[in-house]
Amino acid sequence: MDKSSMPKAFASHHSWYSSTINSVKSNLDHEHQSSPSLLYSYDHAFHGFSALLSKDELEALKRTSGFVSAYMDKVVTLDTTHSFYFLSLNPVTGLWPASGYGKDVIVGVIDSGVWPESASFKDDGMTSVPTRWKGTCEAGQEFNSSICNSKLIGARYFNKGVIAANPNVTLSMNSARDTQGHGTHTSSTAAGNYVEGASCFGYAKGTARGMAPKARVAMYKVLWDEGRYASDVLAGMDQAIADGVDVISISMGFDDVPLYEDPIAIASFGAMEKGVLVSSSAGNEGPDLGYLHNGIPWVLTVAAGSIDRWFAGTLTLGNGLVITGWTMFPARGYEGSMPLIYNKTISSCNSTKLLSQVPFGVIICDDIGSYREQMFSLASTTAVAAILIADEIMESSRFTYPGVVISSKDAIAVIKYAESDTNPTASIKYQQTLVGTKPAPVVASYTSRGPSPSYPGILKPDVMAPGTLVLASWIPNGFAAIISSNIYLATDHIAISGTSMACPHASGIAALLKGAHPEWSPAAIRSAMMTTANPFDNTQHEIRDAEQALEIATPLAMGAGHVDPNRSLDPGLIYEATPQDYVNLLCSMNFTRKQILTITRSTTYACSNVSSDLNYPSFIGLYTNRSHGALFQTFQRIVTNVGNGAATYKAKVIAPKGSVVRVSPETLVFEKKYEKKSYSLTVRYMSDKKETVTYGSLTWIEDNGQHTVRSPVVVAPLVSAWTFEEKTRSKEFNG
């Protein structure tokens with residue numbers, strides 16, 4: 001709704017919305033008249049409301065004064081002990097001590113709720129709650145308002161959308177208490193307190209903590225066992241802004257919707273205006289290009305990668321050969337010496353009938369690459385354990401049968417021994433954790449890739465953060481692991497994977513940066529994280545992609561690179577962007593005035609300076625299969641010196657293959673802190689019938705070597721970033 005159209009007779013926007021709804025109520029709609037129509041009124045994330053309306057009532061509403069737009073409620077998609085060490089966070093130097101570990105920064109988490117009794121939310125070592133906090137601890141089912149403390153300072157829940165969509169539903173937990181585990185995991189990852197002795201069934205033992213262990217947590221439950229709806233998500237974000245959070249962490253997204261119908265895009269614009277950074281997950285629809293969600297120009301979009309940790313099982317053969325494999329079997333398996341069984345008839349491990357006849361011992365399953373299906377079949381065997389073979393990067397903690405996964409290379413020696421020895425034996429040792437493994441990070445196979453369907457002209461994702469097998473708090477009465485097919489186990493901590501796990505890492509880092517630089521805008525924080533991100537792994541080679549046979553990853557998979565918290569503290573230069581800059585971008589997208597107003601909520605913004613060239617810390621040139629000859633694209637950028645004083649930077653360009661990149665000027669001279677300088681970057685590139693993604697970079701290097709400010713430069717096919725209609729048709733065609 002256009003709030004400027006509200007008649008002066010109304011004391012508040014809520015009363016105006018309520019009156020408007022009553023004025024369009026249809027006398028014929030008895031079903032809706034029996035219950036309140038107005039579900040939520042929104043004022044901070046955007047101006048408007050959610051309501052139960054018939055088609056006739058909606059048409060009547062469209063004719064009322066102040067109406068801007070309307071859309072149907074939508075279903076949302078969900079997308080540790082060591083990750084802080086992998087990110088080089090330490091108590092001596094860098095971002096942790098500079099920010100006071102995130103002291104007094106408030107992280108609002110939009111998710112499935114929280115388990116408040118978790119040790120991650122104890123307030124040991126926390127000071128009193130900041131007086132600027134406006135939120136509350138909302139009582140509900142099995143959730144007393146006194147349960148919040150100086151760590152978990154707020155908890156609210158929003159269920160009107162799910163109830164409206166399912167009028168006869170009985171919510172299993174009508175409060176902010178978490179029944180899924182997702183919200184407890186993400187919030188403890190972002191800002192959980194120190195927890196000694198944490199582990200996932202004996203794996204990853206150590207002291208767990210969040211990225212910003214002294215930051216405050218406020219939970220906004222919007223995800224329910226009974227459904228997940230846009231109206232509830234929007235209400236949660238609206239309230240978080242009103243309560244005074246500094247960072248919003250949201251590990252979910254909406255697929256195949258334009259920006260003006262995306263609740264996260266709409267709410268995050270309001271957050272950005274108020275200086276609140278929104279950190280969001282890229283989605284788990286990889287590895288194909290163009291399925292990324294939350295490709296919103298004013299938010300931080302986070303991809304997922306691995307860390308240098310390996311959950312190991314040691315296989316020892318009777319001939320003395322020792323092989324380190326991978327396992328996350330959640331119980332203590334038998335570790336004594338057993339007969340080693342290899343029989344080509346049964347070792348495909350895909351026949352429950354044949355496997356039921358296997359004697360006591362360790363069976364070798366030689367069908368490479370199908371170990372998940374094999375574990376399901378193995379549930380019927382009398383074998384004590386299995387040796388499974390796969391060459392993929394392990395990204396799932398689901399390991400239902402005792403055993404170990406080894407590489408196809410190591411399998412050659414194991415099978416040779418089993419076939420040649422008259423009495424082959426083997427033993428397996430479980431619950432081992434190795435760190436320092438290489439290469440790491442590796443882009444996760446599941447992480448969604450750009451270009452962004454929301455707007456392909458901005459390179460997304462922005463950065464990559466740890467998302468694979470992240471250890472964090474879990475609900476103690478929830479499903480955590482399964483043995484065989486019917487034995488369920490619970491735990492206080494679990495290692496799970498997804499961009500949902502990567503997002504709170506970035507959210508926590510953003511909270512640390514807000515603590516160290518309270519004057520920085522959301523764009524400045526995002527810029528600092530992007531331009532200092534590392535495109536190299538711990539072997540000092542370019543980061544690789546788990547899905548592409550460990551080929552080099554492109555920025556469409558990992559953005560600018562892997563987050564580097566300590567370097568982001570002092571980025572040298574930043575790329576700022578104002579709300580009007582984003583409006584200028586929206587005005588270039590061929591949106592209608594009402595569609596733009598749905599996002600911006602204000603008629604004061606003008607389309608007087610239309611520009612698709614946002615001051616962003618990355619560059620992407622797009623081509624279509626209809627492009628011919630050389631293509632040129634020029635980008636204009638402004639950088640702000642946030643170093644200590646005078647500085648000189650020189651441009652270093654690595655052009656995408658087959659392209660020419662020119663920067664003007666090639667030297668930027670700053671005389672003082674906060675001085676701004678502009679430059680242009682022009683890319684000359686050709687279309688490619690093979691739809692190849694090529695990439696390079698622009699790095700501004702300070703003369704004294706203190707700062708390097710890097711931005712990826714990408715040339716990509718637009719055909720991969722389908723329109724919403726084309727994506728929908730394609731999905732339907734493929735079933």
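Cβ coordinates come from backbone N, Cα and C, glycine included.
Cβ neighbours within 10 Å of ASP111 (active site, charge relay system), excluding its own Cβ and spanning all shown chains: 28. According to TrEMBL, the active site, charge relay system annotation covers ASP111 (among others).
Residues or ranges marked as active site, charge relay system in TrEMBL: HIS182 (among others). Annotation note: HIS182 (active site, charge relay system) sits in a helical segment as assigned by DSSP.
Residues or ranges marked as active site, charge relay system by TrEMBL: SER500 (among others). DSSP assigns SER500 (active site, charge relay system) to a helix.
Residues or ranges marked as domain 'Inhibitor I9' by TrEMBL: 1-78.
For 102-537, the entry in TrEMBL reads domain 'Peptidase S8/S53'. Here the domain 'Peptidase S8/S53' (102-537) returns a mean pLDDT of 95 for the predicted model.
What TrEMBL records for 613-715 is domain 'Subtilisin-like protease fibronectin type-III'. Helix, strand and coil content of the domain 'Subtilisin-like protease fibronectin type-III' (613-715), in residues and according to DSSP, is 0 helix, 62 strand, 41 coil.
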> Of all the active-site residues given, HIS182, SER500, which has the fewest Cβ neighbours within 10 Å once its own Cβ is left out?
Replying inline: HIS182
>> In whole Å, how far does the CA atom of ASP111 (active site, charge relay system) lie from that of HIS182 (active site, charge relay system)?
In response: 7
> How many Å separate the Cα atoms of SER500 (active site, charge relay system) and HIS182 (active site, charge relay system)?
Replying inline: 8
> What three-state class does DSSP give ASP111 (active site, charge relay system)?
Replying inline: strand
